[in-house]
Amino acid sequence: MSQLTEVAANPYADELAAAKKAVSLAARLCQRVQQGILQSDIQSKADRTPVTVADYGSQVLISLVLKKELPSHSFSMVAEEDSEDLRKDDAQQILEHITSLVNETIANDDSYNMSLSKEDVLAALDGGKSEGGPSGRHWILDPIDGTKGFIRGDQYAVALGLLDEGKVVLGVLGCPNLPSKSTNKHNGSSSGDQVGSLYFATIGCGAKVQALEGSEPQKITICSVNNPVDASFFESLEHSKRDLTSSIAEKLGVQAPPVRMDSQAKYAALAQGDGAIYLRFSGKGYKERVWDHAAGSIIVTAGGMVKDASGNDLDFSKGRYLDRDRGIIATNRYLMPMVLKAVQEAIDEEQ
Ligand SMILES: Nc1ncnc2c1ncn2[C@@H]1O[C@H](COP(=O)(O)O)[C@@H](OP(=O)(O)O)[C@H]1O
Ligand SMILES: [Mg+2]
Ligand SMILES: [Mg+2]
Ligand SMILES: [Mg+2]
C-alpha cells in the first residue's frame, strides 16, 4: 500500500506515527536504564509500589515527542506518574539524574535539537494529570508498565493509547524484552527471533509488529485454537489470584501450565499467537487503571476479544479507573464464550 493510501485508510495515521516515535524513543531510555539499574534509581510511591528514573524519563519523553510531532492538536494526557515526589527537597539528585537521562536520549537521536531543565521535566510530568472521560481526545500513558519486572530484568512495556470520545482508537506497546514470535522463553531469545518489538493497532486497521529499531511492519494474528484443551494461558507474575485462575483453567481442561509474565507484554504475546488466553483477576477491592489496559486491549481486539467477567467490553470512558465487573479476560472469539462460562462457575464456587 502506498503511504498516501495508508493515510487515507487510517484516520489516525498522524497520531500513530507520532505515538510510535514517542514510544520508541522512550523504550531506548528504558533499555539503557535497565541494563545498569542501581538501587538509587528506584523509589517507593505513596501506595508502596516502585517507580524508577526510567518511568519518569519515559513519561517526559513521550509527552515531549507527542507535542512536537502534533503541534496543531490540543494535548490532554492521562498518565500514571506525576511530579509530586520529585518536588521534595530530598529528590533533587534523582531529578537531576532523570533530566540528564532525558537530555542524553534526545541528543543521541537526531530528531530534536533541545535541552530540558529540571523545571521542564517537572512540568512535562504534570502534563499527564488529565482525567480523561467520555468526550474529546486523551492520550493514555503507562510510561513503564510492569515496573517490578523492569527492576528484575524481565518483561515490561511502554504503553500508549489514544482515547477518542470514550473509545480507545489507537495503541502502541513497546516491549524491549519480548521476542516477536515465541515468548516461551520470555527472558530472552532462544530461537533467533527478533527481541525488542513495537506492537501497534488503530481501530479497524488490524494489529502489526515491527522491530523497535525500525523494520517493515508485519501483521500479527491471534491464535485460532478453539479447543481449550489445546490452549495455554497467561497471567500476571505479581498480581494474580492464582487459586481462581487455576480453577478456571481446570474447568476448561487447559493442560499447559500458566505462563506468568509482567506487564502488557502479555497482551502483545497473546495478539501474536504465543498463547490463547489471558486471565487477569486481582485481589478484592483493587481498581484497575486505564493505562494498564488501553494500549494492550486494542492490540488484542484487532483480532480477538477483551471482556470483563460478565462479558462486557471494557469501559475506558469513566476517568482514570476502569469501570468493570471483576476480572479481565482476553482471548479469541472461539474460546471467549467457554472461558466466560468457566469464569462464572469458578467465581460462584468461590463465594
Ligand atoms: N494489587 C494489585 N492488583 C492488580 N494490579 C496491580 C496491583 N498493584 C499494582 N497493580 C498494577 O499491575 C501493573 C502491572 O501489571 P502486571 O501485574 O500484569 O505485571 C502495575 O503497573 P505498573 O508497573 O505500571 O505500576 C500496576 O498498575
Ligand atoms: Mg506503577
Ligand atoms: Mg502499569
Ligand atoms: Mg507504570
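Note: Cβ is positioned from N, Cα and C throughout, glycine not excepted.
Any TrEMBL annotation is an automated prediction that lacks curation.
On a predicted model such as this, the values are computed, not experimentally measured, just so you know.
The record from TrEMBL ties Glu80, Asp142, Ile144, Asp145 to Mg(2+), and of the options Asp243, Asp274, Asp292, Asp308 it ties Asp292 to that site too. Working note on the binding-site residues Glu80, Asp142: by count of other C-beta atoms within 10 Å of each C-beta, Asp142 ranks first.
Sequence-distant contacts of Asp145 (Mg(2+) binding site), defined as residues of its own chain at least six apart whose C-beta falls under 8 angstroms from its C-beta, comprise Tyr156, Ala157, Val158, Ala159, Ser263, Gln264, Trp291, Asp292. Remark: Ile144 (Mg(2+) binding site) has Cys30, Thr52, Ala54, Asp55, Ser58, Phe150, Tyr156, Ala157, Val158 as non-local neighbours, by Cβ distance under 8 Å and separation of at least 6 in sequence.
According to its DSSP assignment, Ile144 (Mg(2+) binding site) is in a strand.
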